[in-house]
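**Student:** Handing you a structure now.
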Amino acid sequence: MKHLLDTQALAHRDALAILDTAEEMTAVSSREVKKLPTLRGRTVVNLFFEDSTRTRISFEAAAKRLSADVMNFSAKGSSVSKGESLKDTVQTLDAMGADAIVIRHSASGAAAQLAASDWTDAAVVNAGDGTHEHPTQALLDALTLRRGWSRAHGENPRGRNLAGMRVLIVGDIVHSRVARSNVWLLRTLGAEVHLAAPATLLPYGAETWPVTIHYSLDEALREAPDAVMMLRVQAERMGGAFFPTAAEYTRRWGLTDERLALVEQLRLGATDSPALILHPGPMNRGVEISAAAADSPQSRILDQVAHGVAVRMAVLHLLLSQRQPDGSLDE
Ligand code: CP
């Protein structure tokens, strides 16, 4: 693996290697072990052209816990406002020494363009490109699902797929790079993927994806999913046209207190373990998810954040430990 650009092309063995390495890294990310020396002398550049809390800070924490140096670039306040191009920005940071570049950009394909360019020899990690993909988010979601599933079944998570697990992804699919990365990765890991969304928030072509689509959330919940992943309504990408109001969206598509009770009741009929509740964040509390659902015992939202550090440590470790400082890969 030279770069991590998406999950659609991520091989099954590479996905499992990242998840299993992340299992090892959870001890460091939970601070049972303070730091590993693995990436001493290496530099990770966080190149963020869009806002972020979780992804940027967890990549920084991940790099530091592996003893790498970190350079943080945020487009806001940089020479991008004077018209500097992506190429010149990358070449400037590369000249200061970059072994890995973690890039978030509003343009779908920006990470792939960087990886294909001769602007840098660094390993490229996609931290979210437009509405295309957010692979490390899907990997941390998979780690969270695999740990939750294994705990409920008294199994060791290492080496496991997600075969037999039914995952429901709900809401604003059309704007969601998280949903796309999850669809591909969950299928690669053998899970059964369901989407529930209004037709207006499903992308053209979604019917060709390896998923079951529901146009009613209540109907989808009746299938007793093992995990429900609520998506943020990305109002900033809707040009002011919210579905038609936030209250109407919540009534039909929100994980309300009533729907949370319905999920619990349906699961009790089918299995002992409650459905896991996930959300990639940031949340619109009271819109796509109620405060009670977000803070419920079955919520894994803060586990997702913690697993983000472990997964990003695993990705940086796997990409950089097999790479020479000149960018060439070890045999
Ligand atoms: N989930 C996610 O990408 O969050 P941030 O935008 O805060 O990084």
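Glycine is no exception: its Cβ is also placed from the backbone N, Cα and C atoms.
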**Student:** Can you match one of R13, R104, R251, R323 to the carbamoyl phosphate site that TrEMBL gives for R54, T55, H134, Q137, G281, P282?
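**Tutor:** So, going by the record in TrEMBL, that would be R104.
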**Student:** Cα of R104 (carbamoyl phosphate binding site) to Cα of R232 (L-aspartate binding site): how many Å, rounded?
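**Tutor:** Cα to Cα, R104 (carbamoyl phosphate binding site) and R232 (L-aspartate binding site) are separated by 18 Å.
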**Student:** Nearest of the binding-site residues to P282 (carbamoyl phosphate binding site) by CA-CA distance, picking from K82, R177, R232?
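**Tutor:** Its closest listed neighbour, by Cα, is R232.
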**Student:** Where the record says R54, T55, R104, H134, Q137, G281, P282 bind carbamoyl phosphate, what is the longest distance in Å from one Cα to another among those residues?
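**Tutor:** Comparing all Cα pairs, the maximum is 16 Å.
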**Student:** List nothing but the one residue from R54, K82, H134, R177, R232 whose Cβ has the fewest other Cβ atoms within 10 Å; the candidates are the binding-site residues.
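**Tutor:** Sparsest of the binding-site residues R54, K82, H134, R177, R232 by Cβ contacts within 10 Å: K82.
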**Student:** Where does Q137 (carbamoyl phosphate binding site) sit in the DSSP three-state scheme?
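**Tutor:** Assignment for Q137 (carbamoyl phosphate binding site) reads helix.
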